[in-house]
Amino acid sequence: MRTSLVLLACVGFVQSLGRVPLSRLPSVRSRLRAANQLDEFLREHQPDVFSRRYAQCYPATQHYLRMGGRSTERLYNFMDAQFFGQISLGKPEQNFTVVFDTGSTDLWVPSSYCVSQACAMHHKFKAFESSTYGHDGRVFGIHYGSGHLLGVMAREELKVGSVTVQNQVFGEAVYEPGFAFVLAQFDGVLGLGFPQLAEELGSPVFDTMIAQGLLDEPVFSFYLKNNGSSFGGELLFGGVDETRFVSPINWIPVTQKGYWQIRLDVVKVQGALSFCYRSTQGCQAVVDTGTSLIGGPARDVLLLQQFIGATPTAVGEYLVDCVRISSLPVVSFLINNVEYSLTGEQYIRRETLNNKEICFSGFQSIDVPSPVGPVWILGDVFLSQFYSIYDRGHNQVGLAHLSEKSYDQQ
């Protein structure tokens with residue numbers, strides 16, 4: 001681990017770090033399932049309905065509303081999002097609950113002028129109430145699986161934890177596609193990916209923090225706690241919390257800027273089945289706090305599901321007999337020559353429906369097309385078992401095992 005990070009933690013400059021408590025709430029998918037509405041929802045809300053219906057309305061010369069191009073939307077799975085934190089915009093402060101997402105780069109919240117049903121269910125930014133609001137006027141679009149999110153750009157004072165950012169570019173959403181946003185327990189998204197991934201024009205939040213000298217280190221770190229309680233962990237801007245993990249930190253170089261993309265040497269299932277081994281280059285993986293599950297190429301994940309004895313449902317999920325969890329095989333990810341192993345208790349999601357426990361596989365098929373894919377997606381099922389550090393100064397990701405204090409934290 002770099003000396004600067006050690007000193008940062010040891011000398012106790014706690015006040016210079018921006019701490020953001022995270023809460024963990026039931027996902028949209030879980031809420032729909034509990035209400036016996038999941039099957040109907042998935043049948044009736046097909047992707048890209050808005051995009052197909054109004055494609056002719058998009059300005060043909062504008063790159064930000066292109067129908068093809070990058071596959072950013074493939075990494076969004078807000079039906080399963082569970083970890084949220086709070087930010088504020090403007091003076092006086094207007095509070096919003098957001099997903100802190102390393103799989104995207106833009107910041108957006110609903111506008112008071114939004115015409116979507118989703119916006120009516122969430123906090124909306126009221127520009128006319130803020131004394132620090134700066135009008136921008138440019139428009140933006142972000143392509144999700146359910147269509148395009150459309151909005152206008154603005155500048156405003158942003159507060160994230162104890163860090164106050166001046167003149168931050170953000171998006172005011174005036175149209176939010178897909179019924180999933182209506183049920184979501186968050187207002188917007190704060191992306192923490194590289195600038196190359198941005199759809200909005202202007203400096204992303206973390207880049208602005210660095211440029212304004214607000215952080216001791218160009219680093220942020222996540223502690224995610226998937227323990228069934230509402231406590232979801234913590235996001236720390238400017239350094240790490242050494243009480244949360246045990247050394248050493250495994251520093252993995254970013255292979256391509258955009259997502260936090262790294263090399264994955266091999267995926268092994270109880271040593272009897274492995275993926276990526278055919279290639280001397282291994283596989284590519286994206287470390288993504290905005291994705292709940294662990295994703296991978298469909299062919300590989302299907303074999304993995306079969307190996308752990310998971311059976312498919314009509315809505316694309318995979319069920320496992322709960323009594324078998326303790327005997328399930330260990331799934332290991334070899335990253336930079338360090339093995340990260342998950343037991344059945346760690347990669348199986350438990351839910352209670354009608355007083356009956358149901359167990360779901362934490363793996364899902366995600367076929368990301370080239371040039372980004374194929375890739376594995378290390379989402380929250382993986383990240384909740386380790387402390388993860390994102391270092392923009394050296395373009396690397398750090399992974400470390402959790403400390404006993406973190407395991408005991410409720």
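All positions are counted from 1 along the displayed chain.
Placed from the backbone N, Cα and C atoms, the Cβ positions cover glycine too.
Curation plays no part in TrEMBL annotations; they are all automatic predictions.
If you go by TrEMBL, CYS114 shares a disulfide bond with CYS119, out of CYS57, CYS119.
Of all the recorded positions in the record (ASP101, CYS276, ASP288, CYS322, CYS359), the one with the smallest CA separation from CYS119 (disulfide bond) is ASP101. Restricting the recorded positions ASP101, CYS114, CYS276, CYS359 to those with a CA within 10 Å of the CA of ASP288 (active site) leaves ASP101, listed by sequence position. Across the fold, the C-alpha of ASP101 (active site) and the C-alpha of CYS283 (disulfide bond) stand 22 Å from each other. Calculated from their C-alpha atoms, the gap between CYS359 (disulfide bond) and CYS114 (disulfide bond) amounts to 38 Å.
Put simply, CYS283 is the one of the disulfide-bonded residues CYS276, CYS283, CYS322 whose Cα lies nearest to the Cα of CYS114 (disulfide bond). Residue density at CYS114 (disulfide bond): 21 other Cβ atoms are found within 10 A of its Cβ, drawing on all protein chains shown. Look at the active-site residues ASP101, ASP288 and count other Cβ atoms within 10 Å of each Cβ; ASP101 has the fewest.
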